[in-house]
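What follows is a single structure, written as structure tokens, with notes after it.
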């Protein structure tokens, strides 16, 4: 049976400033935590990325032509405040006004993120999410944006806070590349929730006629077997990556079970509990009651089994299938059951995980009025065919199959009562990846990075049909 999406369900593509704009040294842009980190690695450069800084109109025209109603963008904090605070860079401000005007011209509603993995370098150097000064400057940057860009009606405070907190201090794949510091991870998680809450409360106090939400990376953890030990490992993994954020941002308080699981992880690693104050918890509670929507970024699921050895993370950054390792002392070891399909980067293809996460939010966090799927997609190794013309359409049947399965899971969740209002595919066009460079392509539109020419993929045509008909083809 063909699956239907609601008539008011919106579809679009997602981007992030650092991954698409390029122009990292143009028009007074300040440095961010990635610049030094990537230069020292010498593996790949964020310039020119997809050169969106100069080619945004071309990409927005493609989005419009292929049936999109919405688009996810982010503002690069260091284009507005090169140092994170203090002097404003007017050229950066002017760029975003032009970008948002182009969205209006192309009939695209922008959902704009304030922080998408790109802390200004000075604030990263003093502790990033562990620094109170950073948290204060973040709120002031948000205030500036709310006042400066009244044309934006859909704001997102932070993109995937869990990806930053865990990968900065536990797995070490994001700068400052520390490993095993669960105490720093949980303190960063709490501090992110506090900063988010203060920004939501600020936005609502300003009486602006728009919506504000947050975007979480939510990959569903399952037990590897039906043993109680494996179930507990899945619960601990859930506490590390999901539970604190869901409780804090969507319920306004940390559940006793969440805190007990976190204390267990920290005790196993002989690390102290994170600190929080009554004032912070009051702000968190107030914000949860005012939040307009939550964004769910879901790509894959995880399976956990009990593990009591040393922590070890091996990141598969080049698509060498089967090379990733993830085992954390005090939590568990990731191991996929037989028969689970994966990408070359070892990400499982398991749409049931999307359904279960959407239903979990619907059932366990009734305060939040709306859900958007703010990222979902598949990274593939893709190249241009030999005889390419400007009209070449690139076949990507694996992506179409993936999108069909995951959109069907979204439709099932809506049918079961979840108020999912829209879907953003990651990504609009091929982009620069933080830890994979240019080899992992997610776009609906192929970017030939040496020439910056765009080519349509068949998935763009497929999604256009879904957008126009609100029917997922069989």
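Using the three backbone atoms N, Cα and C, a Cβ is placed for every residue, glycine included.
Here Swiss-Prot flags 19, 116, 159, 160, 297, 433, 434, 440, 442 as D-galactose 6-phosphate binding site. Look at residue 19 (D-galactose 6-phosphate binding site): DSSP puts it in a helix.
The Cβ neighbour count for residue 160 (active site, proton donor), using a 10 Å radius and every protein chain shown, is 24. Swiss-Prot lists 160 with the feature active site, proton donor.
Residue 375 (active site, nucleophile) falls within a strand when secondary structure is assigned with DSSP. A simple way to gauge crowding: the CB of residue 375 (active site, nucleophile) has 23 other CB atoms within 10 angstroms, across all the protein chains here. According to Swiss-Prot, the active site, nucleophile annotation covers 375, on the basis of sequence analysis.
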Quiz item: Checking the binding-site residues 19, 297, 434, 442, which are within 10 Å of residue 160 (active site, proton donor) at the Cα level?
Solution: 297
Practice problem: Would you kindly give the Cα-Cα distance separating residue 375 (active site, nucleophile) and residue 434 (D-galactose 6-phosphate binding site), rounded to the nearest Å? | Solution: 16
Quiz item: From the Cα of residue 375 (active site, nucleophile) across to the Cα of residue 442 (D-galactose 6-phosphate binding site), what is the distance in angstrom?
Solution: 11
Quiz prompt | List of residues, in chain order, with Cβ under 8 A from that of residue 19 (D-galactose 6-phosphate binding site) and at least 6 apart | solution = 46, 49, 50, 427, 431, 432, 433, 434
Quiz item: Could you give the Cα-Cα distance between residue 297 (D-galactose 6-phosphate binding site) and residue 375 (active site, nucleophile), in whole Å?
Solution: 4
